[in-house]
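Student: Look at Swiss-Prot and you will find 3-23, 76-96, 105-125, 126-146 tagged as transmembrane segment.
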């Protein structure tokens, strides 16, 4: 792997991270558990010393297709089919939200915004880098360190008036 590819992955990862964290926070994922299971996850994260609002955020993205799922699915579909694939991904995420009884639109918006970003940046950073970048972005929130990730998400939520 060349250094240029590594830089593209890092840039795509940062863009994906900002896309899904800011959209999910704006749509209120840290405020309360929006779907079944999110409350339990939030409380378990609080119990290990994490932030409850950050825990709700993490629980909501595990239990329903929010902007993290929308960003990843749209990145994959853009890679496979081009911009049309991104629109199909947005539709699939919207359907997934309805199946989960999730009243929100964060996942659909996340899919649409990353589709636009990939379309605009495609001459410089291809969709395949956004797939890898999004996997890494999700790992920083869900797979690395729950306590500290929840604290960071809680601070972002507080700055955006979406949590305590």
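The backbone N, Cα and C atoms fix where each Cβ goes, glycine too.
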Student: List, by number or range, the same-chain residues at least 6 past the transmembrane segment (3-23) whose CB is under 8 A from its CB atoms?
Tutor: 61, 66-68, 70-72, 75, 106, 109-110, 113-114, 117, 121, 124-126, 129-130, 132-134, 136-138, 140-141, 153, 156, 160
Student: Other than its close neighbours in sequence, what residues sit by the transmembrane segment (76-96), given a CB gap under 8 Å and a spacing of at least six beyond its ends?
Tutor: 64-65, 69-70, 105, 107-108, 110-112, 114-115, 118-119, 126-128, 130-131
